[in-house]
């Protein structure tokens, strides 16, 4: 029985691939194509947790195969964090890529600027952005042979589970921050409401005192 299981690893491999299919859904892969007009800007943001690997690749689409892109089809690309740190800058390029490990958690912004052109032109840009496990180049890790393929799939599973584990802790920290913010906001709203009530009662008391004094002076009461 043991020999039969070892000699036919396909069910285990299929199970690993199935698990990878579901687990990789938690990783972030942004792949899109958009139009960009001359002298216009388009920015794309992505929330990345700290110590996460991220890679990106962009290029101006050449709709005329066999002919080079004109000089007007150039873009300037900048990648920055929510704290203003610059992670990538490409000036007047037609293609490029970037890769870095996020130091701080938060929203990272990739902005594309199209150079000025006369007459105005519209270019198409392909952009692919991967973070987490999806950003790793597994082709450099792959080996030949059925056993090595299973080992590679297990490594992918391990990395994916670790990524999900880190993501869960990150979400829990964010939830605790939101709960603390809610508690602080509720406390401030309580004291603000109490202060507003005291001010309203004070103003009402002053109005009654003023009216009473006025009527007494007029000898109406």
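Every residue, even glycine, has its Cβ placed from backbone N, Cα and C.
TrEMBL does not curate its annotations; it predicts them automatically.
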Per TrEMBL, the range holding transmembrane segment, considering 168-188, 189-209: 189-209
Residues in the domain 'GOLD' (41-131) grouped by DSSP into helix, strand and remaining coil: 0 helix, 56 strand, 35 coil
